[in-house]
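Features reported for this protein in Swiss-Prot:
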type	residues	note
TRANSMEM	23-43	transmembrane segment
TRANSMEM	66-86	transmembrane segment
TRANSMEM	88-108	transmembrane segment
TRANSMEM	130-150	transmembrane segment
TRANSMEM	161-181	transmembrane segment
TRANSMEM	193-213	transmembrane segment
TRANSMEM	230-250	transmembrane segment
TRANSMEM	257-277	transmembrane segment
TRANSMEM	282-302	transmembrane segment
TRANSMEM	331-351	transmembrane segment
Amino acid sequence: MFYYIYELLNFNIFQYITVRAGFSFFIAFCLTVYLMPKFIAWAKAKNAAQPIYELAPQTHQKKAKTPTMGGLVFIGAAVFATLLCARLDNVFVVASLLCLVGFSALGFKDDLNKILGGKNHDGLSPRAKLAVQVLIGLVVSSLLYFHGELGSKFYLPFYKFALLDLGVFAIVFWTIVIVAASNAVNLTDGLDGLASVPAIFSLLTLGVFAYICGHAVFSTYLLLPKIVGVGETVIIAAALIGSLMGFLWFNCHPAEVFMGDSGSLSVGAYIGLMGVMTKNEILLIIIGFVFVMETLSVILQVGSFKIFKKRIFLMAPIHHHFEIKGWVENKIIVRFWLIAILANLIALTALKIR
């Protein structure tokens with residue numbers, strides 16, 4: 001809406017992406033901070049609490065009555081801010097909104113099933129959840145491939161030339177990236193604030209890349225792929241950062257609310273989508289290193305047990321391993337945040353080292 005105010009009234013300030021990104025950040029933050037206490041009160045009244053996994057560390061049992069599905073509030077706030085501040089005739093914005101809303105709706109259904117069933121395993125089956133994730137990923141990826149300026153070239157970090165052209169197979173590759181990122185953040189969301197802050201850092205880094213790739217002068221100077229229109233996604237990233245910060249106000253230890261799958265699946269999917277839209281699919285390994293670390297711990301744990309009948313970790317994902325070893329929750333969370341900061345600083349060096 002703000003961009004169209006500029007077009008109608010020639011109010012120049014709203015033509016700038018950075019200005020509209022600033023507005024989207026504050027709108028999403030303020031809306032989340034305003035609505036979240038109301039949602040928490042409603043969720044408590046309806047007993048919409050997070051079922052705790054039976055095998056989770058004993059310290060988690062005290063969280064049994066904590067409301068969940070907070071993701072509905074902050075994703076809703078981010079979408080609202082985007083509708084106000086971004087250009088809705090931009091294919092990257094449309095794809096982003098489809099991604100956020102689609103994955104959040106899937107997460108809501110999963111959360112609702114768990115609440116109604118009363119147990120953590122009463123959610124959607126892994127196959128059903130994966131099938132819907134893949135379907136949404138394919139729709140979003142196809143939209144970008146057939147209607148966007150993204151192209152299908154594949155880039156490696158720290159290398160300025162495209163490695164190869166994936167052609168139509170880019171749709172499959174992008175879908176894998178989006179779904180993998182969605183599930184990685186979902187696995188990480190096991191401690192108060194553990195997923196939120198690394199997600200904020202990831203979105204900040206990807207927002208920088210999106211702004212530069214969408215800028216004709218900066219992208220040429222820094223030898224990044226020039227992608228017309230992708231700079232508009234900075235507004236969505238800013239909205240999501242703002243809403244996540246608003247959510248963190250209530251989710252920091254001890255949490256008053258959990259994001260649930262309604263939030264984690266959507267946030268992860270959008271991080272993956274931003275990696276796709278900025279041609280940083282492989283750099284996502286560094287940008288989202290905490291999420292990768294958590295996911296690999298699960299893969300290694302399951303693989304080791306199936307093949308060798310032995311467990312590598314006391315429990316997976318790896319944050320549970322440290323809990324069982326006796327680390328207090330805050331120590332695990334802050335140390336993982338520090339890892340996320342360092343990883344994203346390393347990722348940002350790809351702007352100059354090419």
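Easy rule for this one: first residue shown is 1, then count along the chain.
The backbone N, Cα and C atoms fix where each Cβ goes, and this holds for glycine too.
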Practice problem: Could you tell me whether the transmembrane segment (88-108) and the transmembrane segment (282-302) are in contact, taking contact to mean 3+ Cβ pairs under 8 Å with a sequence separation of 6 or more? | Solution: no
Quiz item: What residues in the same chain, six or more past the boundaries of the transmembrane segment (66-86), come closer than 8 Å to it by Cβ-Cβ distance?
Solution: 1-3, 20-21, 23-25, 27-29, 31-32, 35-36, 39-40, 43-44, 48-50, 93, 96-97, 100-101, 104, 107-108, 111-112, 114-115, 232, 235-236, 239-240, 242-244, 246-247, 250-251, 255-264, 266-267
Quiz item: Mind checking which residues reach the transmembrane segment (331-351)? Cβ under 8 Å, same chain, six or more beyond either end.
Solution: 157-158, 191-194, 197-198, 201-202, 204-205, 208-209, 212, 222, 224, 253, 280, 283, 286-290, 293, 319, 322-323
Self-check item: Stretch among 23-43, 161-181, 193-213, 230-250, 257-277 sharing the most Cβ pairs under 8 Å with the transmembrane segment (88-108)
Solution: 257-277
Quiz prompt | Same-chain residues near the transmembrane segment (23-43), Cβ under 8 Å, at least 6 residues beyond its ends | solution = 2, 49, 67-70, 72-74, 76-78, 80-82, 84-86, 235-236, 238-243, 245-247, 249-250, 256-257
Quiz prompt | Closest-packing stretch to the transmembrane segment (193-213), where packing means Cβ pairs under 8 Å, from 161-181, 230-250, 257-277 | solution = 230-250
Self-check item: Contacting positions for the transmembrane segment (257-277) when only residues 6+ beyond its ends and CB under 8 Å are counted
Solution: 36, 39-40, 43, 50, 63, 66-72, 74-75, 92, 95-96, 99-104, 106-108, 110-111, 123, 133, 136-137, 140-141, 144, 150, 174, 177-186, 188-189, 195-196, 199, 202-203, 206-207, 210, 227, 230, 233, 236-237, 240, 244, 247, 250-251, 283-284, 287-288, 291
